[in-house]
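As given in Swiss-Prot:
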type	residues	note
COMPBIAS	220-233	compositional bias 'Polar residues'
COMPBIAS	250-261	compositional bias 'Acidic residues'
DOMAIN	1-125	domain 'PIK helical'
DOMAIN	679-960	domain 'PI3K/PI4K catalytic'
REGION	205-261	region 'Disordered'
REGION	685-691	region 'G-loop'
REGION	826-834	region 'Catalytic loop'
REGION	845-869	region 'Activation loop'
Amino acid sequence: MSADITETPNKQLLEQIRSPSFSLFNCIYELKNHTDSIGIQHELVKKLYSFPYEDLQFFIPQFVQLLVTYDSESMALEEFIITYSSRYPHFSLIVFWNLQAYIFELKNEPESRSFQAVRNLITKIQNIMFNADQQTVKAPEFRENFLPALVLCGAVASSVLLPSFKSYCLPMIKAQGKQQKSLVFKLVNFQKSLTKNLTLKNQRMSADIPKGSHSDDETATSSSIKPSLSRSASVPRRNTKKTSLSFSSDESEAYTTDDDDNKTSIELEKDFYKIDLDGLSKEKSANFLEPEENLNVNTAIKSKKRLSTLTSKVMTQPWNGIDGYNVNSQSLPDLSKAEGRDLIPFISSTESETSLLYHNNSISNDLQKNIPRQQKFSPGFDNVYLTKLLQVNYAKNETQFIMALQNISIRLSQVPKEARLSALRAELSIINDTLLPSEIDIPQLLPITSNRNKKYHKILKLNVNEASVLNSAERVPFLLFIEYLSDEIDFNPTTEYNQRIIARKKMNGATSMTVKKINSFSEVADGNFEKENKIKSSTPETVSNIIYNENTEEADLSEMPLDRKTTVSSDSFSPEMLVTPSITEQSKLSNFPSLNTKEVSTKVLADQMRIAAVMLQQLDSSGKANSEQSFLIKNRIVESMIALQDQFDSFDFEKLSQLQSDEPSAGERKLENDFKLGEDWNTKKQRIKKSSAYGHLKNWDLCSVIAKNGDDLPQEAFACQLISMISNIWKKNNIPVWTKRMKILITSANTGLVETITNAMSIHSIKKSFTEHSIKSGENSKGKIFTLLDYFHSVFGSPNSTSFRTAQQNFAKSLAAYSIICYVLQIKDRHNGNIMVDGDGHIIHIDFGFLLSNSPGSVGFEAAPFKLTVEYVELLGGVDSEIYSQFVYLCKQCFKSLRDNSEEIIEIVELMQKDSTLPCFNNGENTSVLLKQRLQLQLNDEDTDQFVENFLIGKSLGSMYTRLYDQFQMITQGIYS
């Protein structure tokens, strides 16, 4: 295997790989081009370990794409991903979420090599993330692979004369030896090509066979996987034959298991966080765990009694007594059986939180009394294991938090618009009560402040009062403000804070203590609840106390909208009940707390809002939502929700309410959203800090994100990645232009978190707000639309002032950069709602739903190379001004720099377009070909300058197509041109 890398044609490549100038991009490029050479693959992956972690994390989507779509016998890249996932928790999370997106994309091809590769890798990643005992579980060093064994024999023989050869080839032999039989994947594709029609027939036959009557494992697998993966991860099940499952949070996780029996023996009763009860083998003794032990975040607790029995069995197992474990057969490890067997860690204060007052410290004191010192760190628990225990705790908390956010948008979409804000506040309050504060941060989005300290941030709470639902025509994105402590947590088991986490987890495992449920959708596993009274400030009169009571635990509430067996399910909540409400129903409506109700806890408010949201949802789905009685009931529920909403801390929505209408246009929605985002960031941050119970902590900080869902999120993330790469090229070549580095964290195929742009407003909102204000004040009787130049005058002063000149130059530098980016990447839909201006005068493009191959309405309406209006040129001082000449010069420099480094952009697009279903790759393999053509690589420098000035700028300046598109958006969507 190593011979192919030392042959004469590859000697030059080997020298390049070992050269210090060999970049990370070069590694990715060569990995794509040498998938058939195991030796070259291993040498390239060996080079990957020499690059900084931040650069490797940036290219995670490309690494996953290489593994999924490029067939290779090499195990090198997979071993690299597994190694880094074990070493860096953020790396494993991002890989995990990217794999979830691929699972959804490949849901209709479960027999394909790509699907099998994704399932195999996601199983290993989940084992790393959720299995604390994995260091005692060793996969077979060698499988039934002839070639690695043969090379190993040769290495042993050659070591007599070449002792160093063994150390050189041993890593490659060990990696290849772990590979499953390559024949398996070949047979899968071979079978698929020969029996395509027969497979479709078998699927239809399997659908007619009753459950449990499968005579053969293959048929059972085919019949269980395919239908299960046919649904979006964010769409609830409404009509399903499995009445025990009414709602699933993410199907891409639920169907990655190899254990077919689990699917038929488990009844799914709760969504979002559920425990697989068949992790223990019924045929094996209680001294070790079943090889198919699963952590399935979407499986349910079937019965409290059964879980209690299972827990008592698990607690008798020695920590290091796992034997015969097959990592490759595992899907999600069972959260109920991992380290301590609790569902969430005890939420205690870190060193930075010691100044907070607690009303009840009895739990902490009891634990300190009852846990012997030697129990915390017994000889069997070395630091490696304890570190892994902390990392697993972090991974659990992180995935639970992200899934909770994912499901909020889904539920908000089922609530009337006028009640969405109330429902959002209720959902966020429940997350605060059940999950936070905890060992959670947001990879990629929360700012990195101290790489040297290797510490992570800790989310304290979601600010309920500042959160808002963003207005959207189709989906329901919402804005979050997250309070966190920077550089707060790590995985060092010797710190006092981490010792408390470990001790409490051991305490829970040793005494089978019941644990309160993780989130608003999980079921309480046992009959007893651990009461934890948390006070969030030393001034309790300013913060609502959180009450934990067995009678008001959300478990009962969450059963209402999710379990079809409950009284509020779609089966029992009939249309007649809605049209003619009973006395009981009327009393429920009348029992909503009024505006004058005092001392109502946050939890009670959240519960009441959840009930109201469920009733509204059932009302709309009853089929009689348009009747007069239903209309009256709906109004009554909405009024109650608004009353409940006002019982949270106050928030000024007076101006916002003036903007709202029954069916707002896109322009009105954009202005409304900009109002929510437009407040000066530092002012908002200081205001929230003063009102926060945690604001006095020295490392307190605030960030804002937008939770979105939609099919174009992976495409937007890819566009942001391309823009970052282009910006890096310009920075490396010292070209003084400016772009905004936007970040999008993909958490599934159609959900994610988007970094917000602070201190900026869309050009549409600027024009609309200034124009309407001038009309109302009598200064603009003719209704003339304000221009950007008018805006710059009002914000930055006179044209001769230093602030105006600085803002003008900032506008020119950013305009040049985004102009070239829009042309090269063919970014379309460039109306003024998708272009922003920040507080320094920079222009910023957002919303990259159309690029490379696709355009709005599949019509090439925007035929100009990029958007360069007469208004932009007017702001630059006209075509004869010095600033305009600077803009033209920067455009030329940017374009020539991209041409000189064109292989980076072209190759990344070529890599990602293979077998992709993203709309931006509608042209297939021609996508990268057309990109290369746009860069005009055949031109010399002089001709390139002429091309930029005469073609790109000349055809864009005042283009008729641009004016027509802006007018079209103005007429149809109300977006100012």
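In case you wondered, yes, glycine gets a Cβ from its N, Cα and C as well.
Mean model confidence of the region 'Catalytic loop' (826-834) amounts to 87 (pLDDT, 0 to 100 scale). Per-class residue totals from DSSP over the region 'Activation loop' (845-869), listed helix then strand then coil: 3 helix, 2 strand, 20 coil. Taken residue by residue, the region 'G-loop' (685-691) breaks down under DSSP into 7 helix, 0 strand, 0 coil. Taken through DSSP, the region 'Catalytic loop' (826-834) splits into 3 helix, 0 strand, 6 coil.
Helix, strand and coil content of the domain 'PIK helical' (1-125), in residues and according to DSSP, is 92 helix, 0 strand, 33 coil.
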